[in-house]
Structure formats: C-alpha cells, structure tokens
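Mind looking over this structure? Questions follow.
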Amino acid sequence: VFEPYMTLEEVSHGLKRGELIQGTLRINPKKYHEAFIPSPDDTWDIFLDGIVARNRALNGDSVVVQILPREQWKVVRSDTDCEGASESEIQRDHMAVKAQKKPEQLSRPDGTVEDQSSDQDELISKPRRVVYIEEKKHSRAATGFLKFLPDKRFAMFSPVDHRVPRINVPLTDCPQDFSSRPGDYTNTLFICRITNWAVDNNFAEGRLVKTLGQAGEIEPETEGILMEYEVDFSEFSDEVLDCLPKTLPWSIPPEEMRRRRDLRKECIFTIDPSTARDLDDALSCQQLPDGNFEVGVHIADVSYFVEEGNALDITASKRATSVYLVQKVIPMLPRLLCEELCSLNPLSDRLTFSVIWKITPEGKILSEWFGRSVIRSCVKLSYDHAQSMIEAPDKLFSAEELPPVDPEHPIDEIHQAVLNLHSIAKNLRAQRFSGGALRLDQMKLSFTLDKESMMPQGCYVYEYRDSNKLVEEFMLLANIATAHHIYKSFPELALLRCHPPPKTRLVDELQELCDQLGINVDLSSAGALNKSLNTILGNDEYSSARKEVLTHMCSRPMQMALYFCTGVVKDELHFKHYALNVPLYTHFTSPIRRYPDIIVHRLLASSLRCGPQLGLTTEQVQKQASHCNDRKTVSKRVQELSTDLYFGVFVKECGPLDSEAMVMGVLDQSFDVLILRYGVQKRIYCKNLEPDLNNFHHRKVGKTSELTLVWKPKDLDEPPVEQVIISFQILCESPDTHTDRQTLFRTEAGKLN
C-alpha cells in the first residue's frame, strides 16, 4: 500500500540536490484525501492527493516530500477551492504531487469495497509522495468508536477526525464484554493511540488508552479533546509542588522588600473578567502637578517563584500555556501560584514587575521606568465595573455597587483613575490606527453555565467594550516597551513575537474576489485594510453583518504570529508585527498563563541587574519559542473545540434555534454561513436540505461561485422555486413563500454539520 521511507542519509542528499522539500503537512478537515505543504518560497501550496501520497504522515507532522522538477509541475484545483472555504481550502492554485496507483479495489473489514482510482490520475505520471517524517508532531491519539469484527482478533476503531486512519485494536484492549455485547458500546467514546502503521496495511495498529464515556456528553468529549491534543491536565507532581513556598500563608521576605520599589500606597487596581482568578496585571494612573500623568502597568512577578531549571520550571516550559475551556482552565502553573501567591488579589501585598511612564494626556511618552516592585491592589474591578465608570463619569458610586475597596483609596479616586486611563487609552488607540495598525475583530461566543452541572444555560456574543480597549492599550504599550528594552540589552537572546505579513498570492486573489463582488476593500497594507473594514458596508440593517463576513474573509490570508529568538533571525525586517505595525513586540504581561512571558521577565531582570545570571543560549531560547508556538496553536484549537462542543450541547438541549445568517462562501455542493445571532460559522451541505430541496447546481462566475437551489413548492400545483446562493447574501425567515424568504436555516446538528 505504501512505500518505505528513505533513510536519513538519502533524505540529506536529496535536500541538498533540491529533489526533496520540507514542510508541515496540512490535511483538509472537510476532505481528508486532500493534503498540502507549503512550497519552499512559501508562495504556493503543494497538493498531495490521496492517503497513499501522504505515506502514513498525519496532520501537523513535519515531513519531507519528493517532488518533480519545477518545469513538470501542473496546476490542479481542489473542488473545495472557492471563496469562503476554510484553512487549506482558500482560493489558490495547487501544484499536484500525485501518488499514482493502478485502479484497484481495497477491501474493508466490514466486507464492502472501496474504489481507489481517481479521474485525476493522469495529472502526473510518476509517483511522488512523503518520503520521510522528520517529526511526528501529531499526537497519534484520537477519539472515536469501536466496531466489532466477527472472526477477528481485533476490533476496528473509527476516529471522529477523518484525517486519522482507522485503527486495528486488539480485542484484549476492549471492554471485557465487548465481543459478546458490542451493541452496548455503539455510542461509547474511546481514545486510541496509534502504535504502528505498516507499509502493507491500509489501517494503522493501536492500543485503547481509555474509555471516555457517552458521546455527546461534555466531560467525556472534553477529556477526549485534551488527550487527543496532548494537553497535560494531570495533577502537578510532588516534585513540582515541593518548589513552592512551604510556609503558608506566605509573606514577602524583608530582604526582598528592600530590593524593590514599594508601591503599596499607590492607587493600583485590576480590571479583569468577573470570573477571573489568575490576576496577572494591574494598572495605576496618577495626575501630576504639571497636568501630565504617571501611568503604571504592574505584572505579577512569576519568575521570582519559578526558578530557572527546577521541576516547576521544566513542567511550566512543557505546558507552555494555560488552556482555557468553556467550563474550566487547565493551568500552566499550580493553583497556589496562579490563584494565590502570584495573582494580584486585592488588599494583598504582591511582587510585581512594573513599567511606569510619565505620559501626556494625548498619549505622548515623556519618560519610562522598568523595575521590580511591590504593590497592594486596592480593588478587583470587573470589565463591567470599569465600563459603568466610563459610561457614568459624573456618578458617585456607592460601596455596594463595587467589590470590597481598600479604605485608603476613596471610590472617587479609583473612578477618576479609570476615567483618566480611558481618556489616554483612546488617544493611544487613535494614534495606533492612524499609524497603520489593524484589528480583525471576530465574534466570540460565550456561555452562561449552571453553577452545579456546568451545563450551558444560554449563549451570547461577547461584547468588546471601552473597558476592554482600555486594558488592551496599556498591555500593548508595556509589551512594546519591553520588547525594545530586552532587544537593546540582549540583541542575540531576546524572545520576541513577530507577525509575518499575509501571503501576497492570497491577498491578490482576495482582492480580485472582492473587486468582482463589488466590495471596496484596500488590502495594500494593514492600515489600509483596517480603514476599509471600518468603512460602512451599505446603509441597511445588515451592514455590520457584512463587516463580520468581510473580516472573516480577510482573516484567512493572515499568518500566525510567532515567538522567535532574535539571534536566529538575522534580518530585522522579519521582526516586525504586521497587525500592530510595530518593529518590535513581545509578551510580558501574562506570565501566569504564558511561558514566553516568564523568559521575557528573566531577560528583563538580568538587564536591570535585579535577577540571577541568565543560563540561556540562543539555541535554547529558539527551541522553547518553537515549542511555545506549537502549544499556542494547540491551545487555540482546543478552545475552539470546547466552544463547538458547548454550542452543540446547547442547541441539542434548547434547539432548534432560529437565526438569520449571511453567506460567507460558496462551494460546489455546500456553502458557508455566519449565523448572526451567535457569531458561529457553519457549513450547509445541499444534500442535508432534502426533502425540501428538489436539486441544486453550481457554476463559476469569474472568481466567484454560485449555487442554484431548486426548492419544492409548498403547493404541488406551483412550479419549483429557484434561488441563487452567492456570498454576502442574507438567509432569513419570511412567513410566506420560498421566493421571498430565501429559506430559514436552523442550527440543528443535521442541517448545520
């Protein structure tokens, strides 16, 4: 079935001669026979067609691919290749690397046969394939279901993720009564790990790791997600916990107090989500006699407690990030640190790293100070509290309207500090965007949960308000300032965060598509795009919906922001952060939940000579940066899956739910929509619209796709009703005929899969 892998020596020679290329494998989640790796210059995608071409590599693996000489490349188009497609389905040409097999029929264990031939086999006559897996980044674990196979010593495991192969599992791994009562396990979710995948077998071999529980239930599904993506949710070991202070309640040692700037009498407070327990940033703002302000950003000094190289540090570096699920957090650090010793809880002395500026009301920085400090937060404000203060500048707030406040600081003093910060933040924000910054705001779905069962009781689109923007501006300012400071001090060792510009080819294609759709958008720079997105798209009730869809479309060509070590990237132009439009950026403000921030704190402490000698090399920093990039990607994906899971459970329990939707993209047999009430993207398959749908047909009009849906009339005496589906079209409900209503799509599992 598969070709043996090349030896490491053969791979090394092939790479030197240019016969082989390296890349990260991406498998289309909607069409698992399609896979891609980026071309060496990162302007094309190289298309690997079929499972055989992938040669047992899985999604995310770092692979080596054998490829034809450039003059023999041929262009193919994936049939998912339309606007609105996700991830690898973005509109682009793909260079085919096709594994040629003679048409043959492969037997499945269930007795059916599968035709492996393809109508595209003539594209490239010689077999080309993955020839080596450099790094198996996929966990090789998957959630799925077991199927009993009569007269076999193994069961068939079918992963939920179709990008993972089916797996033969020994019956000895299965539940004891599985062979006699397989029907009892039809809806039971298991997790399985691949142990081997032989060259002569369509199916992998594996072992069952755990029986998770009933499919569709939140806890079994959540555990499956965490295990599949190798998120460490185990309890911290005794060796790790031994690194924490033994004497509790802990107090700051007198000798440590003497080394720090004492800010405990200052009016300093936190602004966080109401449910937050890991408070790692605080703010202060004091008006000076000359009319300027002293503004401080104070960040939990996690590096004081996490000593470089000990068991706690090693575990944190492996976890690299806290993972935020809908119902809970998988912390990077033990809860004693996250929620107590490091968390900037009100009315408690806490160790911090501070950046303090003298700043004009217009946001011009006059001076800057970095250093280790001690603070005592006077109140824990939520975003709602801060927003109320911003919206009612003249109101006198009572103690009952706020959380407990330090009596040393009157409520009016805190209120005025919030108002001053808001005023400065507005100016900083205006300067950033006039200077060419970009923000791609996408709807974020949030849930209200039952406190006991943690089941979803409701869901809503999270509103990003002025109080959120206030905090964001000062965190950005602190991160940018820190980036410049550590790079100046350690030009070969600084850990920064870059954001590469979007790929030119994808931007050009998106521009062409928008032009054809009549959308006036300028993609020439981050600032130009931001200006376009803030121009009203129409003057009807759906203008904001159009902006949401356009924002989603513009997000697709964007690349991920990445951590890197400055000693590895020689060209400073590659340090730049595209979206923020700044030359240097890093992460300093969230060390409780991000490991890169801890490294940055150590660099900062060393530069200020207020910390231990650094034991880091350029190679070590780059290796950790790469690992943090991988875990950040995983964390984001797990968070998305958790949201999808909760939304699915909410719809199942409370649905069907009705909502208007706007078409985001049209494919040949389906179309993507943004459900406006919930900010959720879903793909609607035409085949799932039966029996209401008579038939459908697809056509290309330049770069755009159109689907014509032919609906069965309500009255059999009337002719069928045709409806053309195009991008930016609203799908909504009307009480009368199909002609006017365009069709109501309900968020049910069957319709929106």
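Every residue gets a Cβ built from N, Cα and C, even glycine.
Straight from TrEMBL, here's the annotation block:
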BINDING   Asp272, Asp281  Mg(2+) binding site
COMPBIAS  89-107  compositional bias 'Basic and acidic residues'
COMPBIAS  112-121  compositional bias 'Acidic residues'
DOMAIN    260-610  domain 'RNB'
REGION    83-121  region 'Disordered'
SITE      Asp280  site 'Important for catalytic activity'
Looking at Cβ-Cβ distances, which residues of the chain lie under 8 angstroms from Asp280 (site 'Important for catalytic activity') while being 6 or more apart from it?
Ile299, Ala300, Val302, Cys342, Ser343, Leu344, Thr589, Ser590, Pro591, Ile592, Arg593
Report the same-chain neighbours of Asp272 (Mg(2+) binding site): residues 6+ apart in sequence with Cβ closer than 8 Å to its Cβ, ordered by sequence.
Leu279, Lys380, Leu381, Ser382, Tyr383
Sort out the sequence-distant neighbours of Asp281 (Mg(2+) binding site) for me: same chain, 6+ apart, CB within less than 8 Å of its CB, listed by position.
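Looking at Cβ-Cβ distances below 8 Å from Asp281 (Mg(2+) binding site), excluding near sequence neighbours, one finds Thr270, Val297, His298, Ile299, Ala300, Leu344, Val471, Met475, Thr589, Ser590.
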For the domain 'RNB' (260-610), provide the mean pLDDT of the predicted model.
95
